[in-house]
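**Q** Let me give you the structure first, and then I'll get to my questions.
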Amino acid sequence: VRFLERLPHGAPLIGGGLLVNGLASYVFVTIAARNLGPEAYTPVGLLWALSFLLGPGFFQPLEQETARIIASRPGRGVAPVVNSAATIGGLVALGLAIVAAVAGPWMIDGFFDGEWWLLVGLLLVVVGLGAAHLAKGVLAGLGRFGGYARYVVGEGLGRLLAVGLLVAVVSDGIGVYGLAIGLAPFIGIGAAMAGQRGLRTPGPPAPMGDLSRALGALLVASVATALVLNVSPLVVEALAGPGEGREPGRFLNALLVARIPLFFFQAVQASLLPQLSALAGAGRYGELWRVLRRLLTVVATLGVAGLGAAALAGPWAVEFAFGSEYAVTQRDMVLLTASSVGLMVVLSLAQGLIACRSQGRMALAWVAGLAVFPAVVALGSDLFLRVEVALLATVAVAAGAMAVLLAERIRHETATSA
């Protein structure tokens, strides 16, 4: 009970949804990996990584700012905020779709092994995740975490439902897995918005400037976050030499297992920002810092447990889930899990900076961390180890920078309001 009390309001509910989503994602990836084999699975895995790089990377700021603004103006009507956010999100989605379409021939040959249906899946997932992050931002800002949880459940189960239907009706080729990835966000949106009321209530104007003012810094931070989360399999693909065509798939599946704690941390992240924004809006910075300290204590405890589990059972879990051809070492699992724990710390501190309207400082910390990645990769020669150490160094630098910047911001705000 004390553990749950340390979590933000709504986190247990979203966590339950993420549990279902995680199990469904595990089943989906396992089916794809076992049915296709390591080499044929690699382009599907790269689509998976690209979808989370482009989707959350470009649309997470929209969700965060929408949630922050709605939470900071309770009872004042959400329609103006939704209208402004939808306009911005639509323009971003259109821009990404155009870029993906123009780069399509190169992506089909370079990433998707000639499977153009995977490009269709990428276009679908970009548009779908844009709409999904807008919907989640509105629901989180209003405190409707039940609807948020239904999105998470609907997306995970929808992906499984889509691939099952496509395999039964079309074929069991690579393309059906790409289409299932692309259709999943739309199914989740339908589940989340069913029965929702009061999403068009009028209120005082919310000019696009209120949203877009912070979006530049948030976009830099979000793309940096998405790169840290998802670029490593792409780097392994780029660095792999002749005869190493299976390595990106092996690395991706090890990363998926190591990221299980981070996956469930999304529940905390989604519910934390509205709570911190409300505290900052009321000038209660001391309480904001106490909430963050409690959360970081939970993260540290779970991190130690996760590292122990990775050392004892990580390689076995990868082989059990995906087969012996995807085997990795204990060192791989410990390093990948350590970077996941570090990311949870970074994301917690980032929510505090956003709530304190320090989006620019947060972006600066992410850029500093990300700058370390290529430098560390260039120092090594082992294909997996150089990428794993680079991930760990990146999150360590970003976490240190954010901790210093957030502490300084809270001291300044506390002194100003005293």
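First residue shown is number 1, and so on along the chain.
Positions of Cβ are set from backbone N, Cα and C atoms, glycine also.
Heads up, TrEMBL stuff is auto-annotated, nobody curated it.
For 12-34, 40-59, 80-104, 116-135, 174-194, 215-236, 295-313, 333-356, 363-381, 387-407, the entry in TrEMBL reads transmembrane segment.
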**Q** Take a look at 80-104, 116-135, 174-194, 215-236, 363-381 and tell me which one has the most Cβ pairs under 8 Å to the transmembrane segment (12-34).
**A** 174-194
**Q** Would the transmembrane segment (40-59) and the transmembrane segment (174-194) count as touching if the test is at least 3 Cβ pairs under 8 Å, pairs 6 or more apart?
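**A** They do touch: at least three Cβ pairs between the two stretches lie under 8 Å.
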**Q** Ranking 80-104, 116-135, 387-407 by the number of C-beta pairs under 8 Å to the transmembrane segment (174-194), which range is first?
**A** 116-135
**Q** Against the transmembrane segment (333-356), which of these stretches has the most C-beta pairs under 8 Å: 116-135, 215-236, 363-381, 387-407?
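**A** It is 387-407 that shares the most Cβ pairs under 8 Å with the transmembrane segment (333-356).
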**Q** Is the transmembrane segment (80-104) close to the transmembrane segment (116-135), in the sense of at least 3 CB pairs under 8 angstroms with a sequence gap of 6 or more?
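**A** Answer yes: the transmembrane segment (116-135) meets the transmembrane segment (80-104) with 3 or more Cβ pairs below 8 Å.
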**Q** Take the transmembrane segment (387-407) and find every residue of the same chain, 6 or more past its ends, with a Cβ under 8 Å from one of its Cβ atoms.
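**A** Apart from its flanks, the transmembrane segment (387-407) reaches 228, 232, 235-236, 239, 251, 292, 332, 335-336, 338-339, 342-343, 345-346, 349-350, 352-353, 356, 358, 361-362, 364-366, 368-370, 372-374, 376-377, 380.
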